[in-house]
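Written out below as structure tokens is the structure these notes cover.
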């Protein structure tokens, strides 16, 4: 090899600079289309030559980190943008509201919970791609940690009214998405299965848990049935997003399984909340017994009729060819959903709200048609991306381990376990009589496990009521009622900790394996998920 052709290194040149024989070579710039972070070095050719006529050019080996920083691009640019956005939003929030957005304030704690829950969901979904764990698992874990690690307990600074209201808002969004995604034809075909699935497993588990709690924990019958119907409710906040994800990917669509599960979940909650209210009212001698008994059917009727009427109204308002029809429809749909959920609480018919929102979404989607509802579904998908980490972060933050007394946990687990086993069995029989395969029936039993929303919302009500009564009249009986309330909260916490992750992971793992995937009629390929981020 000639001397001119061999690489040369000068002792005066830094180690990060290499010399190669590249005569007449032009400076090379990084490829702007590169989407990921490089590993190694970016060799950037300069015009500086050394060695006279040999035209040996200096090659600066730039570290990949520097390359991706200037200008910021790829993953580094994406993450840097999000970090800057989080900081700027918080700074703007502080400038608007002041001390509430500073460390220790209500808004600061909510915002930090939102950011960290989003990060937790991303990390779980990213690091467990092979196992297909859902993002909501990471969000629940973050909320739980922020509540129960004393050194970083920011949940104590979150106002309970804000927490409850934000969870209701998030629930309205996901129930609207559920209603918009219902297959009306499948719902008509499976209407009796919906009723069996909504009522059979809930009542079976509630009665089983009540009996076990009475004999194992010594709870009086009225208190035991309060616990039973708290535990018996399925969580639409866990079930519905998981079903929508499977539905968007085409799993179980031909059989109508996502529609079946989403529709039955709302009816299940109405039944559980209504019967819980009956036993709560009798326990504290509130209201007329006959009225409390008939409240449940009345709430179901109110929810269905209200959703059908308002949904039919939105077929015509706004006119579909009017300007900004999508924006106006989205605003009206959300406004009525919030009115249903918050209004039903104001008039003491809480069960009617959730069912009303579900019927509202289904009715409007039926009137608009498949093509016209797509833009609205996209709007709801964007809103869900914002409210999902907030909802599950706040649910996780409602779970306090201070109530998990060792002497109570063992018996509580036994009661919950027996209830779950019977629930699974009844769920399997509830979906018989259809063309479902054995795997599809097993999937329904797994999808009917998660508990979170209702348990977090009403699990502490008996304890709050008992403490209120005991503070006014501190008799032995009233003080004992407080102990019963603590037992109920403990088992509600256990139910969330066990079934929410188990059910969410189970749905994600078994859905693609147990359900058949609808093929694209033209291409013969699985459906593409147009809302991969939803």
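Using the three backbone atoms N, Cα and C, a Cβ is placed for every residue, glycine included.
Per TrEMBL, the feature region 'Disordered' maps to 1-39.
Annotation source TrEMBL lists transmembrane segment at 83-102 (among others). Long-range contacts of the transmembrane segment (83-102) within the same chain: residues 108, 111, 115, each at least 6 residues beyond the stretch ends and with a Cβ under 8 Å from a Cβ of the stretch.
The annotation transmembrane segment is assigned in TrEMBL to 108-126 (among others).
The annotation domain 'Cation/H+ exchanger transmembrane' is assigned in TrEMBL to 123-507.
The transmembrane segment annotation in TrEMBL covers 133-149 (among others).
If you look up TrEMBL, you'll see 169-187 (among others) marked as transmembrane segment.
Here TrEMBL flags 223-248 (among others) as transmembrane segment.
For the transmembrane segment (260-280), same-chain residues at least 6 beyond its ends with a Cβ under 8 Å from one of its own Cβ atoms are 175, 178, 181-182, 186-187, 190, 193-195, 197-199, 201-203, 206, 222-223, 225-226, 229-230, 232-236, 239-240, 243-244, 286, 292-293, 295-296, 299-300, 303, 350-352, 354-355, 358, 431, 444, 447-448, 453-454, 458, 461-462, 465. Residues or ranges marked as transmembrane segment by TrEMBL: 260-280 (among others).
Taken from TrEMBL, the feature transmembrane segment applies to 300-319 (among others).
Feature annotation from TrEMBL assigns transmembrane segment to 326-343 (among others).
The transmembrane segment annotation in TrEMBL covers 349-369 (among others).
According to TrEMBL, the transmembrane segment annotation covers 381-403 (among others).
Summarising the annotation, TrEMBL assigns transmembrane segment to 409-430 (among others). Non-local neighbours of the transmembrane segment (409-430) in the same chain are 193, 196-197, 200-201, 204-206, 208-209, 212-213, 216-217, 228, 231-232, 441-442, 444-445, 448-449, 487, 490-491, 494-495, 498-499; each lies 6+ residues outside the stretch with a CB under 8 Å from one of its CB atoms.
Taken from TrEMBL, the feature transmembrane segment covers 484-509 (among others). Sequence-distant contacts of the transmembrane segment (484-509) (same chain, six or more residues past either end, CB-CB distance under 8 Å): 131-134, 136-137, 140, 144, 209, 213, 217, 219-220, 223, 226-227, 230-231, 235, 238-239, 242-243, 246, 395, 399-401, 403-405, 408-409, 412-413, 415-416, 420, 443, 446-447, 449-452, 455-456, 459-460, 462-467.
Among residues of the same chain six or more beyond the transmembrane segment (381-403), those with a C-beta under 8 A of the stretch's C-beta atoms are 110, 113-114, 116-118, 120-121, 135-136, 139-148, 155, 158, 163, 166-167, 169-171, 173-174, 177, 237, 241, 334, 452-453, 456, 486, 489-490, 493, 496-497, 500, 531, 533-534. The list of residues near the transmembrane segment (300-319) in space but at least 6 beyond its ends in sequence, with Cβ under 8 angstroms from a Cβ of it, reads 179, 267, 270-271, 274, 325, 328-329, 332-333, 336, 340, 344, 349, 351-364, 366-368.
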